[in-house]
């Protein structure tokens with residue numbers, strides 16, 4: 001007789017295993033599935049598990065040469081999404097052996113690489129991943145982490161202040177350096193290259209690096225505080241990116257920056273290794289994230305991209321602002337902020353956290369609040385994000401009617417006032433505006 005039967009077969013026979021007990025070493029994923037009408041949810045969940053692990057659409061001769069039971073992804077639970085017609089959360093467990101050690105690139109290729117174009121699904125969204133310690137221990141993670149960064153900068157007990165230099169495109173290197181100096185001299189801890197400032201005709205990277213370094217050292221000498229500017233090392237090739245990081249180190253600056261999604265996880269992990277070996281902090285911008293995470297029913301939720309970044313490596317990452325958004329958003333944002341900086345995060349569906357995540361002492365990442373915030377948001381930001389955060393005001397610094405340095409002074413004064421008021425037990429939510437008004441005198 002024949003060894004196996006060819007032909008299209010039901011996935012759920014092999015890949016839907018509701019009796020499966022998940023292992024501590026499994027990578028677990030939660031997918032939000034919107035099936036095409038008329039397709040049973042179990043079959044869809046099983047299909048997702050199969051296509052992102054060992055399955056293909058038919059039985060193949062080589063299946064006989066391996067142990068499917070050892071290597072297959074399993075859909076072990078399916079629950080309907082409350083309040084949504086025809087939408088389910090499918091839980092899939094992947095055996096650890098399916099993944100290359102220390103490669104975020106391979107992890108994402110495996111889990112979300114192919115299955116999102118699946119005809120039988122109208123939409124699919126990876127909501128969360130549980131990274132087991134057995135896997136996370138194969139990554140270096142953030143080059144330094146929150147505690148080491150505070151020690152390097154000698155700044156404690158308050159959020160850090162940043163500012164993106166605007167106009168982001170068109171300034172010459174010397175004028176750019178001047179804006180950096182004014183902001184740092186006024187009281188900010190950091191200034192920042194915009195994510196799309198790389199090396200353009202109006203300002204080549206090397207000139208910018210030189211003038212910025214001069215601004216850093218001058219402001220440091222005058223304020224007696226350690227200052228930084230996120231020099232964007234993102235480039236068209238990995239070699240060029242490393243060249244820029246090396247030059248930053250030679251100048252003796254404390255921090256460089258990378259656009260991790262457009263630059264890619266492979267480049268990002270290389271840069272993180274270099275930063276750890278050479279004492280550079282690494283600021284991460286998430287340009288392109290909304291392309292991937294904005295649709296609610298399709299794509300990858302930002303909490304997954306955030307976990308991936310913590311594994312790949314970065315000391316700061318942009319994480320939204322929360323201010324002025326809906327309450328529900330606030331809880332979800334704080335969920336992934338905790339996933340970035342805490343060591344142990346309990347499962348909590350109200351905050352979008354589908355799995356308990358234990359990072360087993362991998363360093364944390366500072367969340368950066370940036371985009372459309374200004375000095376009147378300071379009380380809310382201090383309360384929501386707490387001390388371990390970077391608050392970045394671009395237009396909210398440079399837009400000050402008296403100029404850049406007074407804008408920086410205003411932000412620093414407001415921050416110190418809010419931190420002091422909080423430490424004295426005042427209610428920032430209620431008295432915020434009053435606190436800012438008093439401080440501005």
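From the backbone N, Cα and C atoms, a Cβ is placed for every residue, glycine too.
Remember, predicted model here, so these are calculated numbers, not experimental data.
The substrate binding site annotation in Swiss-Prot covers 114, 164, 168, 286, 318, 370. Cβ neighbours within 10 Å of residue 164 (substrate binding site), excluding its own Cβ and spanning all shown chains: 24.
The Mg(2+) binding site annotation in Swiss-Prot covers 192, 194, 195. DSSP classifies residue 194 (Mg(2+) binding site) as coil under the three-state reduction.
If you look up Swiss-Prot, you'll see 5 marked as N6,N6,N6-trimethyllysine.
According to Swiss-Prot, the feature N6-carboxylysine maps to 192.
Among the features that Swiss-Prot reports, site 'Transition state stabilizer' is placed at 325.
Residue environment of residue 195 (Mg(2+) binding site) contains 22 other Cβ atoms, counted within 10 Å of its Cβ in all protein chains. If you take the CA of residue 194 (Mg(2+) binding site) and look 10 A around it, the binding-site residues you hit from 114, 164, 168, 286, 318, 370 are 164, 168. Put simply, residue 195 (Mg(2+) binding site) is 9 Å from residue 164 (substrate binding site) when counted between their Cα atoms.
Here the C-alpha separation of residue 168 (substrate binding site) and residue 192 (Mg(2+) binding site) works out to 10 Å.
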